[in-house]
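Taking it in order: structure first as structure tokens, then the write-up.
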Amino acid sequence: MIRNDTMLKGQFVLKKTQIALSAALMGSVLLTGCVTQKSNTESNGPKDTQVSYVEYFADNAVGNPLAIVQHPAAIHKNGITYVSYQGPKEDPFVATYNHSTKEWSGPFKAGTSELGRRDGGKKFDNHGKPTMLIDDEGYVHIFYGGHGGHSSNGKNPLGNTHFGANKHAVSKKPYDITQWEDLDNITPFGTYNQVVKMDNGDIYLFFRHGAHRSDWVYQKSVDNGRTFSSPVSFLKHKRRTDIEAVDSWYAWVGKGEGDNLIVSYDYHVCWDGGAGINGRGHTTERHDVYFMNFNTKTNQWSNVEGESLALPVTKEVADDKTLAMKTGALWTFNGTSHLDNEGHPHIAINAGVDRGAKTGGPKQTRHVWWDGKKWLGGNNIIEGYQGVSRGDFRVTDPSDIRYLVTYEKEGDAVLSWWDSDEDGNAFSEGSTVLRKNNATFAISALIENAHPEAQMLVAEKESDENIKIYLVGEDGPVPRALSNL
């Protein structure tokens, strides 16, 4: 899914001229947010015109417009990077950047989210952010709009409901993001969409089948997303008998080797109202890190040692067979997982001290990995840092791990590279990709099949509307002409 460092360095050399130009332009942008460039054109108008550039490609995002869990949010294919984010009314918006012509197209609205048109609840629900796929025929797919589905959709057979409806939009033409249509072929009871296309073209859509107290499932398509099979549960929610709570989960699914998918996840103790620590009731309390494999050819699930697992996996089985790390009193927020060149899994997990808030407290990104015999790691990427951090990573050799992490520094939002040549035990900060005053960043997972110029999407949050979205690469953001916004 993510190109290795050799391919990235090769592409970086080919694009050296453009990156140098972008860097020159951005010298002014970093101070002012806008840069002016003179250009000579073969037109009937003035020979010298001034073009103003900005670092962002869109400024109409709302709420929390990006997250790592809904992935991929962007894909690079045939020299074009396709990007998506949550725009006005929580609708999905899609744009493209052509790396050869340096031209942006869009953003275009890809669908209509029920979350932005619901009665009651918070101003922004934020759970229906778009997830993207490009099928073997070139059609662009967007999955969006659900926070478990609504009771008006009927009874959820695999859990409970909340708001919205999980939807599936597809472009009307291959590789064309200007026109879209909805396909009524997935259950409305969904949220946290994650989609993977296998080498043979089969599509696997993973999501939680409802609100907090629901199973995690997948639906499979063998016809480029035109139809999907019924949901199959792979993580089980169930009532606990020892405390006033329900077993629940948060998962991240990615491409493994060959026909395999890899799944990392953490456990959510879903307390009843008035129960739990200090009677806080339902909070975001989560703990521990788990890992398992899914062989899509044989339909067999297994743990890291190859031991078979029966579906759906329960808390008891997960603790016994798939546990990668106990986090103790630390609360978690799940991250991503990838394989190194030896086929060993590496997991990003965010964990922090419970400070009594509804969300516990700030969580810091940590690295956990399997060395072929045992699970190791758990150290902070940013040693000594106690604020909020989030990130995704590439790993080639077990001793060559590279994270792109956002964190707070001196009141600024920072996105920078962090590198480890010590098997993930310690990391050092490299170049800063983006830094903004008096803001926070929300980020996507690393872009699928990423181009060196376009590695990740970043939302600059100063308020909850008119949020700027950036496409950032190895050395900074891809600029866009202000007149083209």
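Cβ from N, Cα, C; glycine included.
Feature list (source: Swiss-Prot):
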type     : residues                                                      : note
BINDING  : Asn64, Asn126, Lys129, His147, Arg208, His212, Tyr250, His282 : substrate binding site
COMPBIAS : 115-128                                                       : compositional bias 'Basic and acidic residues'
LIPID    : Cys34                                                         : S-diacylglycerol cysteine
LIPID    : Cys34                                                         : N-palmitoyl cysteine
SIGNAL   : 1-33                                                          : signal peptide
SITE     : Arg208                                                        : site 'Neutralizes the sugar carboxylate group at subsite +1'
Residue list, the compositional bias 'Basic and acidic residues' (115-128) vs rest of chain: Cβ under 8 Å, 6 or more residues beyond ends.
62-64, 67, 86, 88-91, 144-148, 150, 163-164, 166, 191-192, 464
Same-chain residues at least 6 apart in sequence with Cβ under 8 Å of the Cβ of His147 (substrate binding site), in sequence order, are Leu115, Asp125, His127, Gly128, His162, Phe163, Gly164, Thr191, Ala211
Just how many other Cβ atoms lie inside 10 Å of the Cβ on His212 (substrate binding site)?
20
Relative to the Cβ of His282 (substrate binding site), which residues of the same chain, six or more apart in sequence, are found under 8 Å away?
His212, Cys270, Trp271, Asp272, Gly273, Gly276
Only counting partners 6 or more residues apart, tell me which same-chain residues put their Cβ under 8 Å from the Cβ of Tyr250 (substrate binding site).
Val69, Tyr192, Arg208, Tyr265, Asp266, His268, Arg286, Phe333, Asn334
Using Cβ-Cβ distances, find the residues under 8 Å from Asn126 (substrate binding site) that belong to the same chain and are at least 6 apart in sequence, listing them in sequence order.
Gly63, Asn64, Ala67, Gln86, Glu90
Among Asn64, Asn126, Lys129, His147, Arg208, His212, Tyr250, His282, the annotated substrate contacts, find the widest CA pair distance and round it to a whole Å.
23
Structural state of His282 (substrate binding site), classified by DSSP into three states
coil
In the compositional bias 'Basic and acidic residues' (115-128), how many residues does DSSP call helix, how many strand, and how many coil?
3 helix, 0 strand, 11 coil
